[in-house]
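Chemist: Quick one: the structure is below, and I'll ask about it shortly.
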Amino acid sequence: MKLYLAAFLGAVATPGAFAHQIHGILLVNGTETPEWKYVRDVAWEGAYEPEKYPNTEFFKTPPQTDINNPNITCGRNAFDSASKTETADILAGSEVGFRVSWDGNGKYGVFWHPGPGQIYLSRAPNDDLEDYRGDGDWFKIATGAAVSNTEWLLWNKHDFNFTIPKTTPPGKYLMRIEQFMPSTVEYSQWYVNCAHVNIIGPGGGTPTGFARFPGTYTVDDPGIKVPLNQIVNSGELPQDQLRLLEYKPPGPALWTG
């Protein structure tokens with residue numbers, strides 16, 4: 001445990017660490033849309049240093065570490081870009097996704113941290129996305145967890161693809177991606193972004209199981225703070241002792257329509 005804790009805290013404390021990412025690209029039926037066209041842009045972390053990092057996107061990649069901070073909703077100061085974010089028309093029942101637009105190594109990066117991803121929807125009051133901070137109710141429509149006892153679905157992948165439930169009530173929503181690395185300590189890194197989407201379809205479903213961000217998660221929730229056998233890169237357990245398939249993600253149950 002001491003070995004894992006030291007490695008974990010050392011990695012997260014390293015300035016300019018490469019293991020960060022942002023998801024500024026929305027995928028619609030497998031088609032890439034322009035970066036930050038439909039996803040709320042986020043602010044830099046700290047001071048921009050053009051002599052060291054000429055691309056400003058690098059400074060958008062650091063995670064949220066306080067799950068009680070309003071930035072956990074859609075990313076760092078994301079509401080500031082709401083008025084210039086366009087809204088994508090999405091057919092209920094179709095496949096959509098988020099693509100990692102930048103990581104520590106450059107454009108079109110990957111999900112660096114071994115851990116799950118989840119997708120939530122929140123209907124904008126009066127279908128007004130420009131004035132909606134995301135402080136209402138969210139329901140979960142997708143989880144990308146483990147595919148085996150030793151491998152996470154998203155780790156080192158470029159995209160997180162999922163399907164909008166067929167009976168989702170039509171209207172304008174914030175669509176939120178979260179990806180994070182569970183740990184054995186009460187500390188986690190969160191990579192969150194939100195897209196503007198207009199869901200078109202027959203409706204008929206009634207979403208259930210709501211969450212709020214911030215508000216629903218705590219640092220010691222199961223799924224955020226986990227046992228050592230659900231940590232891929234601890235260095236303390238052999239592969240055959242890992243049990244990722246026993247992992248239960250935080251938040252409400254999936255709503256599938």
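Any Cβ shown, glycine's included, is placed from N, Cα and C.
If you look up Swiss-Prot, you'll see 1-19 marked as signal peptide, on the strength of sequence analysis. The Cu(2+) binding site annotation in Swiss-Prot covers His20, His113, Tyr191. What Swiss-Prot lists as N-linked glycosylation site is Asn29, Asn71, Asn161. Summarising the annotation, Swiss-Prot assigns disulfide bond to Cys74-Cys194 and lists similarity to another entry as the type of evidence. Feature annotation from Swiss-Prot assigns O2 binding site to Gln189; the stated evidence is similarity to another entry.
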Chemist: Could you check which of the recorded positions Cys74, Gln189, Cys194 is the closest Cα neighbour of His20 (Cu(2+) binding site)?
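Modeler: Closest by Cα distance to His20 (Cu(2+) binding site) among the recorded positions Cys74, Gln189, Cys194: Gln189.
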Chemist: Using a Cβ-Cβ cut-off under 8 angstroms and a sequence gap of six or more, which residues of the chain neighbour Cys194 (disulfide bond)?
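Modeler: Those within reach of Cys194 (disulfide bond), by Cβ under 8 Å and sequence separation of 6 or more, are Val39, Arg40, Thr73, Cys74, Gly75, Ala78, Gly134, Leu174, Met175, Arg176, Ile177.
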Chemist: Which one is closest to His113 (Cu(2+) binding site) in space, judged by CA to CA distance, out of the recorded positions Asn29, Asn71, Asn161, Gln189?
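Modeler: Minimum Cα distance from His113 (Cu(2+) binding site) across Asn29, Asn71, Asn161, Gln189 lands on Gln189.
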Chemist: Please determine which of the recorded positions listed here (Asn29, Asn161, Gln189) has the lowest count of neighbouring CB atoms within 10 Å.
Modeler: Asn29
Chemist: Give me the non-local Cβ neighbours of Tyr191 (Cu(2+) binding site): same chain, 6+ apart in sequence, Cβ-Cβ under 8 Å, ordered along the sequence.
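Modeler: Sequence-distant Cβ neighbours: His20, Gln21, Ile22, His23, Pro63, Gln64, His113, Ile177, Glu178, Gln179, Phe180.
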Chemist: For Asn29 (N-linked glycosylation site), find which of the recorded positions Asn71, Asn161, Gln189 come within 10 Å, Cα to Cα.
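Modeler: Taking Asn71, Asn161, Gln189 one by one, the ones whose Cα falls within 10 Å of Asn29 (N-linked glycosylation site) are Asn161.
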Chemist: Long-range same-chain neighbours of Asn71 (N-linked glycosylation site), Cβ under 8 Å, sequence gap at least 6?
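Modeler: In sequence order, Gln64, Asn77, Ala78, Val192 meet the Cβ cut-off.
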Chemist: Taking the binding-site residues one at a time (His20, His113), which has its Cβ surrounded by the most other Cβ atoms within 10 Å?
Modeler: His113
Chemist: Could you state the whole-number distance in Å separating the C-alpha atoms of Asn161 (N-linked glycosylation site) and the residue listed as 'O2 binding site'?
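Modeler: If we compare the Cα positions of Asn161 (N-linked glycosylation site) and the residue listed as 'O2 binding site', the gap is 21 Å.
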Chemist: If you draw a 10 Å sphere on the Cβ of Cys74 (disulfide bond), how many other Cβ atoms land inside?
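Modeler: Its Cβ shell of radius 10 Å holds 28 other Cβ atoms.
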